[in-house]
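Feature annotations, reproduced from TrEMBL:
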- 118, 156, 371, 375: divalent metal cation binding site (BINDING)
């Protein structure tokens, strides 16, 4: 008779049994078989198992922290490697890059989930072989039942994310902080308004018909009041009132309801209005702000070095000497985000030769720190955030093997 304590996993239990000559891959296989066996019994309903975090639960919490909808359209974010269920998570490792040495560390430390800031799967894969190190890493994660989640540009965009952390190297006027490229979204998530005129005596029948075309768990199905009617005048000379049905919806809801109305025979009465997206004041790529008080370029360099823990950075000086009163930052490669910004100082990981020349000729000083050096320090902030999200149920730690591939010698 044994008990599984809060925060533990089957793998930890097997390790405690000290079975000789058992490999880590064997442990993964045994863990999977035991979980499969327990998942078909009443044991999964016991309190001891309910305290464990399933992979689905953990991923849901990660998505709430930084919605995947905030990522760049070109990006590949979210759960990239998913072991066969059931999969429980008790140990999470944070890294910027999922390199071979980082993966070996994850295997040695029996990690359940790797949160890799940069997506290890980016370009489409036509096969999974041993021919490339990235494909090999994916295969090893699958073989060892290690899940992989990548947030990438969602963490760039969110308030309190990686770019806000990078900007915190400076003392800025809080009310001037804003994204360089503000993201836009539809108010309330609604992209369209569906309208059509009707006889009010048929309202309930038509409303119920519309609802029958929507998933039962949709926002509109859960709140029938979202579909409402109101009187309108038909023609400026008309004294009679007509009634119009109106509902705000997203694109998928619109498609379903239009299909339902077409079948109902109301297609000729349908009106669809496209709503405008509104910019988000605190969400988007990059950050720019005015400094609380001006600094010299040398003082700015010192602030950046201290914040990132670097001994060296690359600096390009703008035409003419002047104090720095404004700054724009972009973690990683800031070339596209910062290309049109007019601030006294630009801080990013990397820019091309010609992009640096363009910046200094429009009056911007530039500090380059190498790509991942502008990102890695944020992992400590993320570790604290995730510890608060998961409480003591999941142990979160930062990889010791993760580092920028370039060093200055």
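Yeah, the Cβs are placed from backbone N, Cα and C, and that goes for glycine too.
TrEMBL feature annotations superimposed on the structure.
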residue	record	contacts (Cβ under 8 Å, 6+ apart)
118	divalent metal cation binding site	96, 97, 98, 150, 152, 372
156	divalent metal cation binding site	162, 163, 285, 286, 331, 332
371	divalent metal cation binding site	332, 333, 349, 350, 404
375	divalent metal cation binding site	96, 117, 162, 331, 332, 349
Taking the mean position of the Cβ atoms of 118, 156, 371, 375 as the divalent metal cation site, which residues outside that list, in the same chain, have a Cβ no more than 8 Å away, listed in sequence order?
96, 117, 152, 162, 331, 332, 333, 349, 372, 374
